[in-house]
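Going by TrEMBL, these are the annotated features:
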- 1-20: region 'Disordered' (REGION)
- 30-56: transmembrane segment (TRANSMEM)
- 83-113: transmembrane segment (TRANSMEM)
- 88-300: domain 'ABC transmembrane type-1' (DOMAIN)
- 125-145: transmembrane segment (TRANSMEM)
- 175-198: transmembrane segment (TRANSMEM)
- 225-248: transmembrane segment (TRANSMEM)
- 286-304: transmembrane segment (TRANSMEM)
Amino acid sequence: MSVEIKKEIPPLNKEPIQKASPSTRREERYFWLFISPWVVGFTLFIGGPMLASLYFSFTDYSILSAINFVGIQNFMNLFQDPIFYRSLFVTFAYAALAVPFTMILGLSLALLLNANIKGQAFFRTFFYAPSIISGVSVAFLWMWILNPQFGIVNSFLYNTFGITGPGWFTDPLTVIPSFALMQLTAVGGTMIIFLASLQQLPKELYESAAIDGANMWARFRKITVPLISPVILFNGIIALISSFQIFTQAYVITDGGPDWMSYFYVYYLFETAFFQNRIGYASAQAWILFLIIFVLTFLSLYVSRKSVHYEYDK
């Protein structure tokens, strides 16, 4: 009588499970401990409100009434609202002026501060400091600078050229350019990022180009711009997003006027939510703004994919 003995063969690629060491478990606990404030803050102040806003956008929610589900009615009403298109026009017009102005001014200041001049630390602080001042303070400062009667700009125009300056914030033709001009005091962050990228560029490339006879403009166009192109794209997207979020200046200075020419989209959203108490409709406005910014950001990344050069590109 034969007895068949079966022997299980362990899998070839199976590795024995190793328990985490005490030091590894301690590092994991520290990781969750240090990241927990951000997780809690994001959940309470960003993620949670976004989900609540998405839900409210499909309701007729008002603080003083019960919540009723209305489907996409808020979005349909929004696309039929002439004020919606007016606020979009004003916001796009402002962005068309503010974004190029911010980019050109920020890069120009960074190029100047990157030069080997005395007092670099002072000038960097001087140009950056205004960008950390509160928006309300900056608004009152520009109300004084562009005051039609005793403002610095109009006084300079009259005393130097004999020109009577316009009412910068009261004339429908100049109010949007005036808000774009206010980027002079908000360009510090853009300048610092450009300056940091310029200081990382290898000097050997410029020396070789100069030996080959390339002038300053050629070196800027052929060396500087391609090497900092990722930073240009980043600053451009940040400036674009910021331009669609303008609110404080219009609220403090013009209250949406004159002739609706400073009635920006976020101002429209603010009035809908807190003056008209239409939280559901305002939530729909907020998600439309999110989609607009998302699409513009995606288009910026897509259009620039061949003109932006990264270090890992071959």
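Just so you know, glycine gets a Cβ as well, placed from its N, Cα and C.
Computed from a predicted structure; not experimentally measured.
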Legend entry - Closest-packing stretch to the transmembrane segment (83-113), where packing means Cβ pairs under 8 Å, from 30-56, 175-198, 225-248: 175-198
Legend entry - Long-range neighbours of the transmembrane segment (175-198), counting only residues six or more past its ends (CB under 8 A): 90, 93-94, 97-98, 101-103, 105-107, 109-111, 113-114, 124, 127-133, 138-139, 141-142, 146, 168-169, 224, 227-228, 231, 234-235, 238-239, 246, 249-250, 254, 257-258, 261-262
Inset, instruction - With a Cβ cut-off under 8 Å, give me the same-chain residues at least six positions beyond the ends of the transmembrane segment (225-248) that come close to it. - result: 91, 94-95, 98-99, 102-103, 106-107, 135-136, 139, 179, 189-190, 193-194, 197-198, 201, 264-267, 270, 289, 292-293, 296-297, 300-301, 304, 307-310
Legend entry - For the transmembrane segment (125-145), distant same-chain residues with Cβ under 8 A (at least six beyond the ends): 109, 113, 151-153, 169, 178, 181-182, 184-189, 191-192, 248-249, 252-253
